[in-house]
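A.B. asks: Take this structure first; my questions come after.
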Amino acid sequence: MLRRVPHSLRRALVSSASTHHGRAQIPNPSHSPPQALLPQWRRYASIASSSSAPPQPPSPPRGPSRPGGGAPSVSSLNPAEVAKFAAIAETWWDSNGPFKPLHLMNPTRLSFIRSTLCRYFRRDPYSSKPLKGLKVIDVGCGGGILSEPLARMGATVTAIDAVDKNIKIARIHAASDPTTASIEYCCTTAEELVKEKRMFDAVISLEVIEHVANPLEFCESLSALAVPNGATVVSTINRSMRAYATAIVAAEYILGWLPKGTHEWSKLVTPEELALMLQKASVSVEEMAGFVYNPLSGEWSLSDDISVNYIAFGVKKSGTPSTDGAEARLP
């Protein structure tokens with residue numbers, strides 16, 4: 001289920017940001033006290049084994065979240081996050097390992113990407129190679145679990161990650177299939193490719209923005225990588241009480257789906273903040289959808305519920321100048 005973002009909502013999202021001295025600022029939400037989490041905690045704790053109490057997770061921060069902008073930096077890279085994922089890089093293709101949630105969510109993520117890109121670029125979604133002829137970049141590709149399906153859909157894929165171990169594992173896995181062996185894997189950052197004036201028809205970055213040092217500059221780099229009229233797809237986790245209870249308390253500390261400390265609540269990004277940052281980076285959010293997990297079937301599905309996991313599709317404004325004179329891609 002896709003949520004078309006109307007113009008009125010786009011205006012509301014942008015106007016929801018406070019303005020200070022003429023500069024739009026990422027809004028600081030009113031954080032609820034830890035006591036507000038007790039009902040959710042008790043509900044999720046009831047499914048845990050009574051013989052072993054789960055470790056106490058960190059409380060949501062009371063102070064403001066990190067800023068979305070600020071002085072220009074060399075890179076939005078967060079060294080601590082890079083080290084965190086480097087430690088578990090060997091498990092990317094273990095469907096029952098630390099990245100199991102991403103493996104389970106992958107078909108639903110691909111469904112959204114296939115649907116939005118085919119509709120925007122006027123492709124047949126039922127074709128065996130619906131993305132043929134499109135240059136696509138996967139920013140923060142990890143071990144390539146998204147890059148490979150994109151290549152099988154016909155896209156010319158470039159995939160980048162700041163963790164060298166991830167790239168090595170992705171290359172080895174892709175080499176086993178002629179369809180994916182052509183993926184261009186690079187250990188680099190989006191900012192570095194912007195300096196090289198690389199541009200793509202579609203820029204995709206899933207579950208990455210909540211791990212970078214400066215999300216606004218990261219959005220600007222994603223925009224710079226897209227040709228005018230190009231597509232941008234970003235997914236992340238909402239900074240909500242429900243997301244804290246499910247994506248952090250339950251997933252990391254009770255069910256053990258993810259290593260403890262994978263996500264920091266203060267670094268999560270609300271849909272309003274994401275839309276605003278992309279808007280400031282000359283990308284207009286056109287569609288948004290949520291991911292909902294069904295514990296009975298063990299499957300994810302698209303939904304209008306964006307309170308926890310969500311994904312957004314945007315279009316780079318045609319008036320944004322190209323850095324290398326590349327011809328604008330028309331839908």
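The backbone N, Cα and C atoms fix where each Cβ goes, glycine too.
Pulled the feature table from TrEMBL, pasting it below:
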- 1-10: compositional bias 'Basic residues' (COMPBIAS)
- 1-76: region 'Disordered' (REGION)
- 42-53: compositional bias 'Low complexity' (COMPBIAS)
- 54-64: compositional bias 'Pro residues' (COMPBIAS)
- R109, G140, D161, L206: S-adenosyl-L-methionine binding site (BINDING)
- E207, E210, H211: Mg(2+) binding site (BINDING)
A.B. asks: Could you tell me the C-alpha distance between H211 (Mg(2+) binding site) and D161 (S-adenosyl-L-methionine binding site) in angstrom, no decimals?
C.D. replies: 12
A.B. asks: Rounded to a whole angstrom, what is the C-alpha distance between R109 (S-adenosyl-L-methionine binding site) and E207 (Mg(2+) binding site)?
C.D. replies: 11
A.B. asks: Give me the long-range Cβ neighbours of G140 (S-adenosyl-L-methionine binding site): same chain, 6+ apart, Cβ under 8 Å, in sequence order.
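C.D. replies: Same-chain residues close to G140 (S-adenosyl-L-methionine binding site) (Cβ under 8 Å, separated by 6 or more) are I160, D161, A162, S205, L206, E207, V208, H211.
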A.B. asks: Once near-sequence residues are set aside, which residues in the chain of E210 (Mg(2+) binding site), 6 or more away, have Cβ atoms under 8 Å from its Cβ?
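C.D. replies: Result: T236, I237, H263, E264, K267, L268, V269.
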A.B. asks: Report the member of D161, E207 (the binding-site residues) whose C-beta atom has the most other C-beta atoms within 10 angstroms.
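C.D. replies: When each Cβ's neighbours within 10 Å are tallied, D161 tops the list.
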